[in-house]
Every structure is written in C-alpha cells, then in structure tokens.
Amino acid sequence: MDLGAITKYSALHAKPNGLILQYGTAGFRTKAEHLDHVMFRMGLLAVLRSKQTKSTIGVMVTASHNPEEDNGVKLVDPLGEMLAPSWEEHATCLANAEEQDMQRVLIDISEKEAVNLQQDAFVVIGRDTRPSSEKLSQSVIDGVTVLGGQFHDYGLLTTPQLHYMVYCRNTGGRYGKATVEGYYQKLSKAFVELTKQASCSGDEYRSLKVDCANGIGALKLREMEHYFSQGLSVQLFNDGSKGKLNHLCGADFVKSHQKPPQGMEIKSNERCCSFDGDADRIVYYYHDADGHFHLIDGDKIATLISSFLKELLVEIGESLNIGVVQTAYANGSSTRYLEEVMKVPVYCTKTGVKHLHHKAQEFDIGVYFEANGHGTALFSTAVEMKIKQSAEQLEDKKRKAAKMLENIIDLFNQAAGDAISDMLVIEAILALKGLTVQQWDALYTDLPNRQLKVQVADRRVISTTNAERQAVTPPGLQEAINDLVKKYKLSRAFVRPSGTEDVVRVYAEADSQESADHLAHEVSLAVFQLAGGIGERPQPGF
C-alpha cells in the first residue's frame, strides 16, 4: 500500500469539514457536491474488499429515487448482493475519517479483515444519468487505481445491471455474459420463449405504457426493446428527453401520491407501470372505467409471481419449499390471500431489502417484494439444476411446465430487484394466464390503511421485536396498542422508530378507511404520551 500516493491523491478529493455520513441500506446519499471524497474513498474500499474476497466488486454511482441534485454510491458484493454489514461499518468509518486519519483507518480495515495486500483486485463501475455522475465515477476510479486495483467502467447502467455484471464475473459466466448485450439477450430470450406458450392473442394483452422517471431505465429499455418486441410493445414516457429525474414521476412518486405520473395520458383499463430513477423498483397501475386510479404495488406483484410459481410446481409434481417474504407494512389482505387461498407460506422480516433478501435465500424458491416495488425471486442452485433436468425428462404437459419454470428462472435478475426483469416476468405471467390488469388487481382487495409520524425527543426509547411488529419499550405501549386494535374489525397496528430522524412511524389497517384512520390516530396519541412526544399533540383528521 503506497501510503504517500494515497495521501497525495486524497488531498485532491478533500473531505469538507464537519460532514458526517452513514452507509445505510442504500449506501451513501446526499447532495452531489458533498460526495467527491466519499467516491474516492469507496474506490479504495472496493479494492480492499476485492482483495479480501478474491472476487470482482461493484461500485454503483446513483441516488435512485432521490431528486436530481442528489447523488450516492453503493458497493456490490461478489454474488451481486449488498455489502456485508461489517464492511458497511468500514465504509462509514472511512468516509468520515479526517485527512490525517485516512492512512490509519485503511491499515485498521486491512488488519481487521486480514486483507492480503499482494492479492490482485478488480472493480466494475456503473453510473446513472444524473449530471454529477460522470465526474463522481471518475473519483471512484482514482481511488481504485491509487491502490493498484484494475477496473472496468461500464458507464451508464441501471443499478440491477451492475449487480448482474458482478454476479456474472464471479460465477465464470455460468449466470450469463457480463455485458449489456448479454443481459439483454438472456432476459429477452427467456421472455420470448415464455410468451410463445400464451394461448391468448390480440394487442390488449401485449401493450404497456412505461414511465421511466426521466432516468437510466428509458435509455436501457430503448436499447433492449427490439430484442423482445415480438412478445411486447412498450411505449416509453418521461424518457429523459425533457423533465427532471424523478420529478413528479417515477415509482416512488406514484406509490406515495397514489396518482399517475405527469406526462402520461391514461385511457381506462390501460396497463401502465413506473420505474424509479435507477430502475430497481416497479409499480403497476390503471384507471378504471369511472376514472378511478388503482395502484398495484409490491404486495400484489409478489402475489402474482409466487402464485404462478406454486401452480407450475404443482403441475410438474415438485415439492420444493417456496416462501414469500414481506415486511410489517405488507397489506394484511395479501398475507391472508397467500396463506389461506394459495397455501403459500409467508414470513415477515424487519424493513429493508437486505433483511428480505437474506430471508429469501433460506428457501428453494424465495419471493420478496417491498410494498414500494423493490423485489425479486431467488432460486437455489440445486433448484435450477433440478428444474433443468425435469425439463428434459418429464412427459409432455409436465415438461412444458418445467420449461416455463426454467424460463422464469432465467428471466429473473436474481442478484437484485430489477424493474426491467420484473416487468418482463409480470407481462409473461399475465399473458400466460390470460389476465387483464383489472383481473390481477381483483385477486384480493387491500385493507384500508393509514401511516402517520409522531415527533419524539429520542426515537431510541422505542425498541421492537417480532420483525418490528411489537414494541418492547417503552413499558405499557404495546399493551395500549393491543387494547386499541381490539376495538376495530380486521385490524392491526404497529409502531417503529425511523432509521433517520427522531420520529416514530405508525401503521394501522382495519375494515374501513374511517376505522383505519381512527386507529392510527389513537395509536399516535399513545406513542405521544408514552414515548416522549414533542411539539403539538397528534390531531385527528387527514
């Protein structure tokens, strides 16, 4: 490690005084002008991680669904998964070190993780379309090269595409070719094969309007669409030609505002979807004949996918262990439908994709989606082998189902939640089942719900258990919530501390919107009284 060269280069990427950042589920995110030193240092860290794991590591420059003036960075581990928790701590420590402490922190990390500094290192880099991304990815490259690492700069990529590249490189091409072309070919081939099996014909099933959030998704979908155009016609909106990234459009906007994005005209019962800024989330929606807006979020996406997978497994007679992973925010109707109607087991984890992903890996087939539309299906290597063998050996009808399952496996970007991959899976399933968007939406009706925030002096007074569904402290709070829940039909409620600010998040659902609103308000009052609420007491009315 040439500490002199690192110090010299680091001075060119100096840290602003007093800036403290935390590496979270989404990596680092803040205003782009504050990130130069962070990018340089994450280049350094990626080299150390690559040396330690003897694998290719990814660095993605993006701030996903944040406003255009923000940016961020996250590291991608060898199998396309998120950075290991102990290395998240190293990332935070390195990003916040003062210039004079940089060398010591780097040596500490190397010693603590037993990094062989003589080991070769290889880092792949991708970036989104933000104006600041090109310059910031150059800062990453500076960090990689000063520590002697080799790199490949893919330039503009969706976040899931970078995850895919890392996974491909570390599995010797078994998963696919580590090129953008390889990604397009793998997904499109599986999609076209699948949709050939669909008995329904006619354009009503095969046309989709896509809101690309003025982000990277538009660029990549446009490059890719001719590969799958025989199975699906896509119309792109908010494609970045005018309008700001994520402004009044994109999956996050549609989900939180419960309305369509600007810049898209929707006729009744037309199927529409929205990506977020880096194309790792997707939500669907439509207007009914009366002009009412219907959102189809991650819960309904997980239900469609897991139900279809279960049907295929039953058809080929495979008793594989399939599980759906949700968070406490998943609508109770979706959980009931999966468990009682589809007989698919459902598990609940703490909020945050890394918790869902980790749990999903415990099953032969694990499906997870957050309500915000971030998710995927994971298939164990043993299952992939088993299905491929089944597709060769079974008699006709069963072989057809096994072949479908094989295509579905190829279609998912298992390394990460991927809006393009998820869109193709959903479109294929709707075509194969002959379902309209309204019929999909009608699988079950969401229970009315309400989310609120309560300001408190210190959010740490709230601690939870049972995947954040029960409050352990302060004393008496969970008992109060239990008593309130008993007053309403089909109801539940939980509270959890925010990860970023001194507020407590309240979620309530019940058989009517009025009941859900009342329950949420009453739980908010209990939080205010028992958990050190500050400011004005929560008021009824929304």
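Cβ from N, Cα, C; glycine included.
Bear in mind that TrEMBL entries carry predicted annotations, made automatically and left uncurated.
Features as listed in TrEMBL:
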type	residues	note
ACT_SITE	SER64	active site, phosphoserine intermediate
BINDING	SER64, ASP276, ASP278, ASP280	Mg(2+) binding site
BINDING	GLU370, ALA371, ASN372, ARG496, PRO497, SER498, GLY499, THR500, ARG505	substrate binding site
COILED	387-414	coiled coil
DOMAIN	51-97	domain 'Alpha-D-phosphohexomutase alpha/beta/alpha'
DOMAIN	118-167	domain 'Alpha-D-phosphohexomutase alpha/beta/alpha'
DOMAIN	178-283	domain 'Phosphoacetylglucosamine mutase AMG1'
DOMAIN	297-434	domain 'Phosphoacetylglucosamine mutase AMG1'
DOMAIN	476-524	domain 'Alpha-D-phosphohexomutase C-terminal'
Near-site residues: Mg(2+), ref SER64, ASP276, ASP278, ASP280, CB cutoff 8 A to centroid: THR62, HIS65, ASP128, THR158, THR159, GLY215, PHE275, GLY277, ALA279, ARG281, HIS374, ALA419
Integer Å distance between the CA atoms belonging to ASP280 (Mg(2+) binding site) and GLU370 (substrate binding site): 12
When distances run from the Cα of GLY499 (substrate binding site) to each of the recorded positions SER64, ASP276, ASP278, the nearest one: SER64
Per-residue Cβ crowding (10 Å cut-off), top of recorded positions SER64, ASN372: SER64
Those binding-site residues of ASP278, ASP280, PRO497, ARG505 having Cα within 10 angstroms of the residue listed as 'active site, phosphoserine intermediate': ASP278, ASP280
Residues satisfying Cβ distance under 8 Å from ASP280 (Mg(2+) binding site), sequence separation of at least 6: SER64, THR158, THR159, PRO160, HIS374, ALA416, GLY417, ASP418, ALA419
Among PRO497, GLY499, the most crowded of the binding-site residues [Cβ within 10 Å]: PRO497
Rounded distance in angstrom between the Cα atoms of ARG505 (substrate binding site) and ASP276 (Mg(2+) binding site): 23
Whole-number Å value for how far PRO497 (substrate binding site) lies from ASP278 (Mg(2+) binding site) (Cα to Cα): 27
Secondary structure tally of the domain 'Alpha-D-phosphohexomutase C-terminal' (476-524) (DSSP, helix then strand then coil): 21 helix, 13 strand, 15 coil
Secondary structure content, the domain 'Alpha-D-phosphohexomutase alpha/beta/alpha' (118-167) (per DSSP, counts of residues): 23 helix, 13 strand, 14 coil
C-alpha spacing of ASN372 (substrate binding site) relative to ASP276 (Mg(2+) binding site), in angstrom: 10
Packing count at ASP278 (Mg(2+) binding site) (other Cβ atoms within 10 Å of its Cβ): 32
